[in-house]
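Going by Swiss-Prot, these are the annotated features:
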type     : residues                                                                                        : note
ACT_SITE : Lys40                                                                                           : active site
BINDING  : Glu15, Ile16, Gly17, Lys18, Thr19, Phe20, Asp57, Glu118, Gly119, Val120, Gly121, Asn178, Arg179 : ATP binding site
BINDING  : Thr19, Asp57, Glu118                                                                            : Mg(2+) binding site
Amino acid sequence: MSAPLSLFVTGTDTEIGKTFVSTALLHGFARAGLRAAAMKPIAAGAYQRDGVWRNEDADQLDAAANVALPATIRTPFLLKAAAAPHIAAAREGVALDIDTIVGAHRRACERADVVVVEGVGGFRVPLAGTRDTADLAVALGLPVVLVVGVRLGCISHALLTADAIAARGLAIAGWVANRVDAAMRFADDNVDTLRAWLEREHGAPLLGDIAHMSPPSPEAASRSLDVNRLLGALRETAPR
């Protein structure tokens with residue numbers, strides 16, 4: 001039996017479509033015949049339904065996955081305040097422990113063929129003490145998919161984020177252009193520039209260019225993603 005596959009989804013910023021792309025990937029993996037699960041290890045911003053605290057991003061991941069994970073595995077740390085996680089955690093007296101997340105990820109991988117782990121905010125978001133989400137990605141040891149919100153300033157944001165990922169010794173399995181600004185001028189030129197620079201500097205291929213969608217459709221977006229190429233990259237780096 002082959003080892004389960006997993007990847008870490010990060011982005012150039014918050015609100016650039018990490019959850020949207022993660023759910024699109026889940027649809028693509030399911031269409032490829034894989035048992036696909038998702039984790040949102042740290043979620044900040046919760047609402048209550050039927051006496052249970054929930055998170056909108058986690059709900060979307062659950063809806064797209066074809067393997068359901070217990071909430072304690074899918075989201076070990078659910079914070080009520082919609083704020084930076086270290087701020088929300090401090091206000092709630094919660095210690096954001098990376099080892100707890102690593103253990104939850106191990107259990108998730110026992111239940112699925114592929115596990116999508118969605119980060120929180122950008123690549124470097126403080127968690128506790130001197131540790132941040134980059135440390136979480138390193139502890140998980142997963143290849144990274146970078147989501148680039150295609151809007152003004154995205155070239156610098158993407159290149160800086162890619163450099164930060166590489167500086168931590170992590171492989172960039174690829175990147176996704178998510179066109180969040182329908183009115184952006186020269187969007188194609190920005191994507192072409194990033195395609196050349198990220199391939200040349202980090203060997204990171206463009207896995208998909210997702211058009212602006214209103215309303216967004218993860219299932220439709222999944223058809224813009226080269227899931228087979230991503231799976232090939234994940235299999236190359238998976239433990240033997």
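From the backbone N, Cα and C atoms, a Cβ is placed for every residue, glycine too.
Within the same chain, the residues at least 6 positions away from Gly119 (ATP binding site) whose Cβ sits under 8 Å from its Cβ are Phe8, Val9, Thr10, Gly11, Lys18, Val125, Thr133, Leu136, Ala137, listed in sequence order. A 10 Å radius around the C-alpha of Glu118 (Mg(2+) binding site) takes in these binding-site residues out of Glu15, Thr19, Arg179, in sequence order: Thr19. Across the structure, Lys40 (active site) and Gly17 (ATP binding site) place their CA atoms 14 angstrom apart. Summary for the binding-site residues Glu15, Asp57, Glu118: the Cβ-based neighbour count within 10 Å is maximal at Glu118. For Gly121 (ATP binding site), applying a Cβ distance below 8 Å and a minimum sequence separation of six or more within one chain yields Gly11, Asp13, Thr14, Ala84, Pro85, Thr133. Taking the Cβ of Thr19 (ATP binding site) as reference, residues of its chain lying under 8 Å away and at least six apart in sequence are, in sequence order, Lys40, Asp57, Gln60, Leu61, Glu118. The most densely surrounded of the recorded positions Lys40, Arg179, judged by C-beta neighbours within 10 angstroms, is Lys40. The record gives Thr19, Asp57, Glu118 for Mg(2+). Within 8 Å of the mean position of their Cβ atoms, the other Cβ atoms in that chain belong to Val9, Lys18, Phe20, Ser22, Thr23, Lys40, Ala43, Ala58, Gln60, Leu61.
The Cβ of Gly17 (ATP binding site) has Gly11, Val147, Gly149, Asn178, Val180, Ile210 as same-chain neighbours under 8 Å, each 6 or more residues away in sequence. DSSP classifies Thr19 (ATP binding site) as helix under the three-state reduction.
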